[in-house]
Structures are given as C-alpha cells and as structure tokens.
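Residues or ranges marked as FMN binding site in Swiss-Prot: Ala62, Gly63, Leu64, Asp65, Lys66, Thr86, Asn139, Asn172, Lys217, Thr245, Gly268, Gly297, Tyr318, Ser319. Feature annotation from Swiss-Prot assigns substrate binding site to Lys66, Asn111, Arg112, Met113, Gly114, Phe115, Asn172, Asn177, Asn246, Thr247. The active site, nucleophile feature in Swiss-Prot is assigned to Ser175.
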Amino acid sequence: MYYPFVRKALFQLDPERAHEFTFQQLRRITGTPFEALVRQKVPAKPVNCMGLTFKNPLGLAAGLDKDGECIDALGAMGFGSIEIGTVTPRPQPGNDKPRLFRLVDAEGLINRMGFNNLGVDNLVENVKKAHYDGVLGINIGKNKDTPVEQGKDDYLICMEKIYAYAGYIAINISSPNTPGLRTLQYGEALDDLLTAIKNKQNDLQVMHHKYVPIAVKIAPDLSEEELIQVADSLVRHNIDGVIATNTTLDRSLVQGMKNCDQTGGLSGRPLQLKSTEIIRRLSQELNGRLPIIGVGGIDSVIAAREKIAAGASLVQIYSGFIFKGPPLIKEIVTHI
C-alpha cells in the first residue's frame, strides 16, 4: 500500500541516486531485527529446478544487488531466489555517469552501468555474512579491461571463489555494456567458454563435494539461427539451465519517448513480449532438455504466467520491482 508514495519520492531523484539511497537503507536493516519492516509472508510454492528446490518460482534478477550487500533484507520480501552480481574478478567503476535512465511512461529502464562492482572477494565476504534460506544465485562476468580472447579466465577465477557459497552460478555473456562480451554467445567462442566452465565445474565438484549448477544468461536480440546454435551448445556441454533474457538494444517500442535514444540495454515492460518470444522459441528448441529461467518485463501476475506458459520453469523480476515495489512479489507468488 505504501510503495506508490515511496516510489513518488524516489522518482524525484536521479535513478542511480535513488538506487543508492534505497540500498543505503536496506544495508542498515539487513541482518538485523529491523528486517521486519520489509518482511512479507508469501505462500510456499516449491519448484524443483536444476537439482535445487526453490521455495517459490519468483526470483530477483541480477543487477540490483551487484555486491550482495542486502541479501537478507531482499530475502525477507519473499523472493524464492536472489541472483546477486554481475561480479567480476577485480573491482571496477563501470561506465561514466549518468548511466541509468527511466522511461517512466513505458515503465522501462535503460542502463549502461558496465558491471560496476567491488570485486568477487568483497562479494564473497558479504555472502558469508548472509542468512538467507532461499536459493542464492551468483552472476559472474569479465572485467572490462580483460581482452575478450582471455575472457574465460575471468569466469574461471570467479567460479573458484564463489563455488562454495553459490546455490547456482549464472554466466553473463549477454550484457550489451561490456565491449565484445556478446561475441562470447556465438560459435567457437561459446564452445571454448562452455568447455572451460564445465571442466572447472567438474574440478570444483570434486574439491567441494557438492554440485553447483550453471546457468547461462542470453540476450533477447539473437536471430533464429543464433538461438538454435546457442541451444545446441548449451545441450552439448551439459549446461544446467538458461536465463532468458538480458536487456535489449531494440528501441522499436519506445520511439519518441524521453531517454529512448540513450545508449545501453533496455529492460522493463518494452522488453516483455520480445523476451517471452525468445523463451517460447528456446523452449521449442530445447524440448525439455534443460530448464529456462524467464526474465524480461515481468510486472504482473499475467506477465509471469505468460513466461511460464512459454516454457519457463522459474521467473525473475528487476524493472517491475523498481516500478511496483515489494507488493509485486507477494502478488506474483500468491497468484502465479
């Protein structure tokens, strides 16, 4: 009930400043009795996926809590899973500000953050302090100054450091804001990366005596042929899941709107149909061989149901959470 008033105040601020202010407050309460201020009781609706049991099918998408600073406070809101990151081996500032823009009328966001984060070691320390009892995903990427040809080394470094603490590991090769990153989605580059990741997963499984599933996050801007090739590679390399989708470079649904021409990835409602169509095509191609986590423009129960009807086993929210707040979590989990 209160969120529309909170949103009105936050939307008076620059988008990144609003995010920083919100996280400043969440950091103060995370892991303390004051978490009760944001706690919501949601029904248990367990889902088995990637060998894990999720308390409910709704997760928080990567990008909101990049450094894992507010895991417990976000968990108290009712998410069945939380995906933190994207994190890189070394800290990096990301792209120059301003780099986050609202498209208020479309309930969309454009970001060109550029994997700003405090590095994987810092994230691991934050995860160690958390008491969240849902599934914790950790989304990993490469540093901006790491050549794409050596990009797989960054993923392997992150895997080593997070493996003991992750419920699952998400491989981000689809952000449009790190130069060259999306080229890792194609052909030989993808095969090389997935081979290295599976070998590392096998080694770490032996070392830690536990199996941590791997999901690959893909872009919504893949052609039909590219999508078929990606699906084939994921199956051949025994990847455990696929997250569809990341943000889009397509601006066709937001032409003429304020901020529509900003460089970066578009998320929120304008991405909804495009991501659902990718999920549908991907589901047909995979034919049940690995599960899909659906993300992109989910801002209602209906939108969440559409993702599941298209073939997703689980769903995630980000922009919808910014525009609708914690009540959206309870609404989706209750009625999905």
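Cβ atoms are placed via backbone N, Cα and C, with glycine included.
Mapped onto this structure are the features recorded in Swiss-Prot.
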residue : record                 : DSSP class
Ala62   : FMN binding site       : coil
Arg112  : substrate binding site : coil
Asn139  : FMN binding site       : strand
Asn172  : substrate binding site : strand
Asn246  : substrate binding site : coil
Gly268  : FMN binding site       : strand
Tyr318  : FMN binding site       : coil
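The shortest Cα-Cα distance from Gly114 (substrate binding site) to any of the binding-site residues (Ala62, Lys217, Tyr318) is found for Ala62. Within 8 Å of the centroid of the Cβ atoms of Lys66, Asn111, Arg112, Met113, Gly114, Phe115, Asn172, Asn177, Asn246, Thr247, where the record puts substrate, the same chain has further Cβ atoms from Gly63, Thr86, Gly94, Ser175, Pro176, Thr178, Gly264, Gly265. It is 15 Å from the Cα atom of Lys66 (FMN binding site) to that of Asn246 (substrate binding site). Between the farthest pair of Cα atoms in the substrate binding residues (Lys66, Asn111, Arg112, Met113, Gly114, Phe115, Asn172, Asn177, Asn246, Thr247), the distance is 16 Å. Ranked by CA distance from Arg112 (substrate binding site), the recorded positions Ala62, Leu64, Ser175, Lys217, Gly268 have Ser175 at the top as the closest. In the three-state DSSP assignment, the secondary structure recorded for Lys217 (FMN binding site) is strand. For the binding-site residues Ala62, Leu64, counting C-beta atoms within 10 A of each C-beta gives the highest total at Ala62.
Looking only at Cα atoms, Asn246 (substrate binding site) sits nearest to Ser175 among the recorded positions Ala62, Ser175, Gly268.
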